[in-house]
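To keep things clear, I will list the structure first and then write my remarks on it.
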Ligand code: DMJ
């Protein structure tokens, strides 16, 4: 630092100074000129020092301390380190100094203002009632939920959409048929309206207790299973107000971030299948988005040593496990083998191969396994990759695995030959080991248990009549006629199981033992829970043969449901189909709206509604388009209104 003050200021006279105490005047008189000069020098040095200190040395306010909490704001302008003795303390130097001071001031003011505001708000809050405070909290919560939903609605990238044919219409062109079709539509409205009134948002309806109902397959949450399952039926019946109502509920309420353990299979066939079908039919993006969100939540179920998924998964934690009753911790063939259709569509719509890879991995693993008598056992352990108990059935536990092999081939526009081969091999083994004719001439499908054929057929196995007919075209060695015949025989047997009851509704399972044919023996097998399989088979038979008997049988079933299952607030299953005074189980199953009523409606519609060369129905009757790859377009779905 220069010291200009040490030089005598030109033109200015420095007055003589009185430096001594006034009590010693003689000293003043005695000072010599040289001494005066030295004193003057010291004095000017002192003044210079003070002057310099005042103008040039940094004052204490220039040595600022900053908490690390302000780092983000200040560090880019700070020469950290120089002169910094304490960690976390920085000295500011240089030309930005002024700006830093302003910045610091601004932050202080802001903090002060925030504190004051918070204090004011707290004071205000204390003046409010509990209800007002609650209402405010709720509004804030809703705001957050709304923001999350807006984010969720981000559209997926556009992909070619199959040209969709026959999404509505289907006038049968005959008054009697029109009336029947209208009656089925009225039944659908009765089921839907009562669910809307008494069970809205719950998974299912208790039509007698007039309240919601659920089972463990849907977990502990209200996931609106009936809404999702029913959407496409509402759509094809032209119940568009009801459809929009369901859509709104899904938009605003269907949330998969719940701490709830659900069945992977059931959620896939009912929810993902239902949402995908609703998307294809209506073109509404929200259904696709929800389907993909849900599918992501199911993926952790595949984290097993073999890649065979657990039966159940917790949607929040992703932890999976198997049903306690399933052969020493096994997964079930009809569950892990009934994912293919939906997962292929998910990969198609998202462009993400992850879903396709999961189901193809399952297929490859099954192909490598030994099969006793060429049959697939129902249980497979996902830890060891070994079969569990040797039990094979085309009814419960096995059924839709075979169905999805055939449908994978159909859905691929008949290009997935591997799936077709697996289907053909499996059906040949089933015919050889499981299908028999009773003494009375009824063809039935039994169950194979540890080397022994149980002559018992479940209601669920009745779907196979439709499957044989659907697979007839394209079968090996041109056995189409044979499979049409086999399908017709199964339809007849299942019709017999209905016809031999008091209510004209079929039991859960029926025996072929000695004199007993197509009749349930045990009390626990006498119930009918609004299941679709027999009507499903009638519909396929109708489509492929146009034999009027299938419409007649379908109508018989519709009348019996109307007479014995309809109650004032919906439809209920019955506990004993052999008792002429039915006892209701008080459950309106979601599949009644998804499948039973849909197949009945299609049975009385013309074939151009959802034609089978363009649509393949998943196992919950949700139609998914055939992926004819040459027949797709990037433009919007022509079905979008
Ligand atoms: C439906 O959920 C599906 O059809 C499934 O494949 C098995 N059966 C029920 C209805 O009976």
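Easy rule for this one: first residue shown is 1, then count along the chain.
Glycine residues also receive a Cβ, built from the backbone N, Cα and C atoms like all the rest.
Note that the coordinates shown come from a computational prediction; the quantities given were computed from them, not determined experimentally.
Per TrEMBL, the range carrying the annotation region 'Disordered' out of 114-144, 145-175, 176-206, 207-237 is 145-175.
Transmembrane segment is the annotation TrEMBL gives to one range among 37-57, 58-78, and that range is 37-57. In the shown protein chains, 31 other C-beta atoms lie within 10 A of the C-beta of residue 462 (disulfide bond). Taken in sequence order, the recorded positions 462, 494, 508 that lie near ligand 1, meaning a CB under 6 Å from one of its atoms, form an empty set. Take the Cα of residue 462 (disulfide bond) and measure to each of the active-site residues 399, 508, 533: the nearest one is 533. Recorded residues residue 266 (active site, proton donor) and residue 399 (active site) have their alpha carbons 14 Å apart, per Cα-Cα distance. Under DSSP, residue 619 (Ca(2+) binding site) is assigned to coil, being neither helix nor strand in the three-state scheme.
A separation of roughly 9 Å, to the nearest angstrom, links the Cα atoms of residue 533 (active site) and residue 494 (disulfide bond). Comparing the Cα of residue 508 (active site, proton donor) with the Cα of every entry in 399, 494, 619, these being the recorded positions, the smallest distance points to 494.
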